[in-house]
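Asks: Got a structure for you, written out below as structure tokens; questions coming shortly.
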Amino acid sequence: MWPVCQKHSNESQNTFGLLWTIPFGLGAAVSIRVSNELGAGKPKAARLAVRVVLVMAITEGMLVGLLMILLRNIWGHVYSHEQEVVKYVAVMMPIVALSSFLDGLQGVISGVARGCGWQKIAAYVNLGSFYLVGAPCAVLFAFFFHMKGKGLWLGLICALIVQVIFFLIITINSNWEKEAEKAAERVNDSKNPSGEDFERPKC
């Protein structure tokens, strides 16, 4: 079974990476938009951008996940003609779909964190989620419960769930007016070599 798991691991990682490009783009876009709006002193616009991108990520994740589940018996043929591998892919695709949905959410919320300057908080969340939750759960499911490849993916899902929950709590409880003030302070603290403030570009 492990050779089959290894074959599917490559297929699932390729699929996962392909699907990740969409939320990656959304995360990059919202990072730039939020940072620009906060820097311009527009907290309401930043909050609106966050809400819009979350709706987009949820919608995209649900549609892509549904498509993956519907095509689970076909998708394996893209990579292999071995029936054992194709059947294993069909079993694993719902799990991959769920992990893709969760990773899409954390991807866009991570973009919000970058735009707000929460890199330090995000680093703690990521380290805790994957090393304190994800890795132990993956080992537990894969080797102690003998779930093999499925157990490794379930460990990833556990990490993503914790990651999404913490990022959502931080984002929902954010005071966007204060974030705009912090952004203004960071701009004012930026000095050029002559010691004078940088002049803001006129929009």
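A Cβ is built for glycine as well, from the same backbone N, Cα and C atoms used for every other residue.
Grabbed the feature section from TrEMBL, which reads as follows:
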| type | residues | note |
| --- | --- | --- |
| TRANSMEM | 17-36 | transmembrane segment |
| TRANSMEM | 48-71 | transmembrane segment |
| TRANSMEM | 91-109 | transmembrane segment |
| TRANSMEM | 121-145 | transmembrane segment |
| TRANSMEM | 151-172 | transmembrane segment |
| REGION | 183-203 | region 'Disordered' |
Asks: Quick one: do the transmembrane segment (151-172) and the transmembrane segment (91-109) reach 3+ CB pairs under 8 Å, ignoring pairs fewer than 6 apart in sequence?
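Replies: Stretch pair touches.
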Asks: Which residues, given as numbers and ranges, are at least 6 beyond the ends of the transmembrane segment (91-109) yet have a Cβ under 8 Å from it?
Replies: 8, 12, 15-16, 19-20, 22-24, 26-27, 30, 53-54, 56-58, 60-62, 64-66, 68-69, 71-72, 75, 149-150, 153-154, 156-157, 160-161, 163-164, 167-168, 171
